[in-house]
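Heads up: the structure comes next, in structure tokens.
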Amino acid sequence: MALAWLSVLSLFFMSLVLSQPVDKNGVQSTPATSDLSFPWSRLRLPRYIVPHHYRLLLHPNLTELSFKGSVQIQIDVQNSTNWVVLHSKDLKILQATVLDLNFSHLSDKTLPVLHNPSHEQIGIFSPRVLTSGHKYFLYIEFWGELSEGFSGFYKSTYRTSTGESRTLASTHFEPTSARMAFPCFDEPSFKANFSLRIRRTSEHISLSNMPVAKTVELHRGLFEDRFHPSVKMSTYLVAFIICDFKSVTTTTSSGVQVSIYASAEKWPQTTYALEVAVKMMDFYEKYFDIPYPLPKQDLIAIPDFQSGAMENWGLTTYRETSLLVDPLTSCIADKVWVTMVIGHELAHQWFGNLVTMEWWNDIWLNEGFAKYMEFISVEATYPELRVDEYLLDTCFAAFGYDSMNSSRPICSPAETPTQIEQMFDTISYEKGACVLHMLRHFLTDEVFQSGIVRYLRKFSYRNTHNQDLWDSLSNTCSEEDFLRNEYCYSGREAFRNAYLFSGDHLDLAAMMNTWTLQKGIPLVTVSRKGPYLLLRQERFLTTVMPTDPLWFTLQQGFLWHIPLTFTTDTSGTIRRHLMTAPTDSIHIGSEVNWVKVNTDMTGYYVVHYEDDGWEKMAKVLLENHTALSYKDRTHLIHNAFQLVTAGHLPLNKALDLIGYLRLETHTVPLLKGLGYLELFYRNVERRKETVLTKKLGLYILRFFRAVIDQQTWTDLGSVSERRLRSEVLSLACHLNDPVCVQRAHQTFNDWLLSNYTLNLPTDVAETVYSVGARDDRGWASLFHLYSISLSEAQKNRIMFALTCSTDPNKLKSLLELSLEGKVIRTQDLSSVILMVARNPQGSHLAWNFVIKNWDALVQKLQLASNSIRNIIIGTTRQFSSREDLANVQLFFESIKDQANQLSATQLALDNLEKNIRWCERNLETLRAWLDEQRN
């Protein structure tokens, strides 16, 4: 089929050649642009021209906020044609020409350039045929304005402590915005080398993927930095920045230069990031067994940055909160976040940059791996941070998304920029990471790592599909691979790699396709019949009840190959079983009393214990909870409450299950149980269920009294203890616990009297601020500090406190200021909206603000961005009434053309329906259960 299409394409372009008058040298007369039609109708570029090397010159003007440039692209023509089609968006093309390898022009006239704005493409017509098998240079001069948003080549500003505003220019190209900075073949499979030259004034520096090879002074005050040529890479990884930042630098054990850049006054906050980056680079070179291929790795904190970070090869860019750590105001959670984000972006230098997915439908090969490598790398380099405790929450987040019918497969079609942008979601990141976690435990660490190394070595500087990964992990090798003995196992290693069930070699691709090519999460229902464990799998749904007629339709066609694990009361040995059918059974023996399935939650599935199974689990927790690991205890709590939402378990059984928490000493299960009670509390609080709200609040304070009283208002203890302290004291003060509120008030007043010089314990600073913001004086003082603070970590905590106000006018002013984008940066607009929405006094205020300012929000943040997705889902998830559902549906109908392009709108409706059903089914049960606890 592909060859047939290429033949048709060749004939089509040959007809274009023959349709114009041709002189004796084979040169057509150059037609007027108005006589030409755009030669390409598809979103993805034709494959008949391949770029090899870009020579890019850029001259940004930070005063006029514009840039001009030129690009010379060496191209390889694989089908004779008169046209070159490539990407360009919002650029003014000044002129274009084609040259041969001797730099002779193929035409003595400026070539016609056609634009197809809907596809973000330009077509350049050459009157002389570009011959198949030959190479040429495409030369384009262009001009553009620095973007006002966060994509392409955009402006960023920051203010010094003296009030001076300074401007820099930075790039963010992933996934489809390199075309906003220079004309290019802006698809991941068009890998090429890049040689950059950047012109700047003397007060600035310029940075790019590679080091500067030479700086030339062109004339007084204007310099040109000429960078070393890059390695072969995709356009979305190209980066360049013009700024006045300072840096701190050191080298890794292998000699790679690592530098952290930030604005001068925030330069002291770069020390921790430098330490982390060096450790991570050393770790990854060892883990992947592949040297880092560039001479340097820069990490830079950009004042205006929409996402968390970006993995540009050799020049990773970060939001300031993702890179900078202030020794005085950053809490332990901030350090964990910075460590994880750096681990993520540096993992990409191999996974994503060295080896890249062929197309965006497989973006999880980049993001799922980088997300998972966060945990592997930080656990190896900073074991005291105990990041394994955070992996459970990562998978729980994926469960929440994937249990709705509006979820999607990990590998999903994506063609338009809007569709591609939406692939950067919970499914690609969190579910991708958790499926890899399951696979790693299934194959063993050693086999998983060696397969990853093989994958990276084999496909270095190339593009891949899902199947390439499965082949590398399961020892599927070509004849050529065996002959070269370069990437494949030896016979002994191949035997060790084969995961055997009943003597059959595992078809890893068939197994993993059930996790990547179909959406959803399986529910494994467990029951006992004598010495046998009976298993049944079906699709787990929280948006449709089993009693709903639609339930059976939504179950059709779903089947997973599930790597089950379990332990029993008679043996601590982890037993394994691959479930590939809708039902199955395992002989475990009659002497077994209880079975815990999905040991340590290494598997991506929910477990339901039928008959008296949940009563047995509750009894184990109450009588001997340490018989199960903290991960298993947390898993049981999570699954129980998810099953309540899905209609498989009554709420009172799940609440009874967490009755053991008075005995719990581990942070993770404690916070999971407390988290569900807090979720219920905030839900009934928003619904203005006054009596129920009071009863539940008193119950939480009474039940967790001992835990609350154990907390100190310090930064002492392990990471887990400090995490517990922050969460518990925050909730206690929100529930108006007198002791907590009094202590927070006193600490806040002491801090005010010191004129902000008293160093608050960072673990409790947010709680102190939140209580202090309850009165006008405290709120005004905090707002003033927000406007002058140089610590983004501190500003985040202050903003959270400001949005806790019960004064609607204060909340409204914060929303308006965030839209204005001066005191509160536009990058924080979505966060402020979500913080206000979380406040019971602000949920409808935030939603109405979104409705009123929708067009402005889309203009500032872009329709398909994570910011818009978070606003849609985050504001509507606060609702749980039919009236609110009708209001949301009405708004989505009013923006129908945009809503139909977004997956977030259906997710929001599913979430709202889920909330409504939960309340209809469970509020009375909750009331009755709380009354029983008082008796």
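Glycine is no exception: its Cβ is also placed from the backbone N, Cα and C atoms.
TrEMBL labels come from automatic prediction, so no person has curated them.
Feature annotations, courtesy of TrEMBL:
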type	residues	note
SIGNAL	1-19	signal peptide
DOMAIN	50-237	domain 'Aminopeptidase N-like N-terminal'
DOMAIN	272-477	domain 'Peptidase M1 membrane alanine aminopeptidase'
BINDING	His344, His348, Glu367	Zn(2+) binding site
ACT_SITE	Glu345	active site, proton acceptor
SITE	Tyr429	site 'Transition state stabilizer'
DOMAIN	594-911	domain 'ERAP1-like C-terminal'
COILED	895-922	coiled coil
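Where TrEMBL records a feature, it is marked here on the structure.
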residue: His344; record: Zn(2+) binding site; Cβ contacts under 8 Å, 6 or more apart: Ala309, Glu311, Ala370, Lys371, Met373, Glu374
residue: Glu345; record: active site, proton acceptor; Cβ contacts under 8 Å, 6 or more apart: Leu299, Ala309, Met310, Glu311, Thr316, Tyr318, Ala370
residue: His348; record: Zn(2+) binding site; Cβ contacts under 8 Å, 6 or more apart: Glu311, Thr316, Asn366, Ala370
residue: Glu367; record: Zn(2+) binding site; Cβ contacts under 8 Å, 6 or more apart: Gly352, Phe424, Ser428, Tyr429, Gly432
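Neighbouring residues of the recorded Zn(2+) site, listed in sequence order and excluding His344, His348, Glu367, comprise Glu311, Glu345, Ala347, Phe351, Gly352, Asn366, Phe369, Ala370, Lys371, Met373, Glu374 (Cβ within 8 Å of the Cβ centroid).
Cβ neighbours within 10 Å of Tyr429 (site 'Transition state stabilizer'), excluding its own Cβ and spanning all shown chains: 23. If you take every residue in the coiled coil (895-922) and average the pLDDT, you get 97.
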